[in-house]
Ligand code: HPA
């Protein structure tokens with residue numbers, strides 16, 4: 001049976017509360033095992049899959065996530081559309097803590113991650129178009145769903161994907177701002193590129209957890225995990241209704 005939407009949860013999002021009649025799958029893909037079990041169930045009357053990107057106990061740092069296995073597992077279960085929840089830092093004015101955003105561009109600063117399906121000898125060489133890294137039709141649906149659900153969401157922005165797991169220096173964030181980044185996170189790539197190689201529709205729902213280093217009004221602000229988690233759970237308040245509208249659309 002097809003899956004209407006696959007949701008990948010990021011830091012602070014380890015389950016979809018409303019998922020009912022849940023079946024648990026432990027798929028193994030040609031790329032290895034995903035971060036954890038894939039939960040498939042009913043959400044607002046539609047079949048939805050959920051996978052916690054860092055594992056259900058948040059055991060995987062961003063550079064150790066098997067992004068290929070995660071996406072291949074969702075595809076093998078019948079997903080064609082993926083909504084990625086990504087916890088991020090905000091760099092520019094409109095993207096303060098607790099904001100939800102649906103970025104439309106990205107810049108990849110990660111290194112040393114397996115970032116393509118063309119890794120193995122003999123695999124087909126792919127040069128997928130990536131001018132619009134997020135699928136425009138899925139982005140439009142997310143933006144429209146937020147408006148219908150009266151959930152505040154910033155439509156647009158550029159996501160800068162950093163290597164982590166440490167947070168960035170102020171100079172790194174200043175450079176990213178000059179590059180045109182509005183948001184910074186550690187998991188946006190290679191996930192988006194791999195989704196394109198796999199032919200999956202893919203959009204990002206970014207949840208701003210903190211001001212990135214040096215970006216906020218308080219000069220000496222130290223970013224704590226507790227602030228990150230508190231802001232994510234506050235920003236997530238409107239997400240269930242947003243998802244219901246995406247599924248209805
Ligand atoms: N930088 C990178 N990734 C993040 C941040 C940040 O400030 N906050 C949450 N994820």
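Backbone N, Cα and C define each Cβ position, glycine as well.
These come from TrEMBL:
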type    : residues           : note
BINDING : 11, 53, 54, 187    : phosphate binding site
BINDING : 186, 210, 211, 212 : substrate binding site
DOMAIN  : 5-239              : domain 'Nucleoside phosphorylase'
SITE    : 168                : site 'Important for substrate specificity'
SITE    : 225                : site 'Important for substrate specificity'
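Features recorded in TrEMBL, as mapped to the structure shown.
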residue : record                                     : Cβ neighbours (10 Å)
11      : phosphate binding site                     : 23
53      : phosphate binding site                     : 25
54      : phosphate binding site                     : 23
168     : site 'Important for substrate specificity' : 24
186     : substrate binding site                     : 26
187     : phosphate binding site                     : 29
210     : substrate binding site                     : 26
211     : substrate binding site                     : 20
212     : substrate binding site                     : 30
225     : site 'Important for substrate specificity' : 11
DSSP three-state call for residue 225 (site 'Important for substrate specificity'): helix, strand or coil?
helix
Looking at the recorded positions listed here (11, 53, 54, 225), whose Cα lies nearest to that of residue 212 (substrate binding site)?
225
What recorded positions among 54, 186, 187, 210, 225 have a C-beta sitting less than 6 Å from any atom of ligand 1?
186, 210
Quick one: of the recorded positions 11, 53, 168, 187, 225, which has its CA closest to the CA of residue 210 (substrate binding site)?
225
Using C-alpha positions only, work out which of the recorded positions 168, 211, 225 is nearest to residue 187 (phosphate binding site).
168
State the Cα to Cα distance, in Å, between residue 168 (site 'Important for substrate specificity') and residue 186 (substrate binding site), rounded to an integer.
10
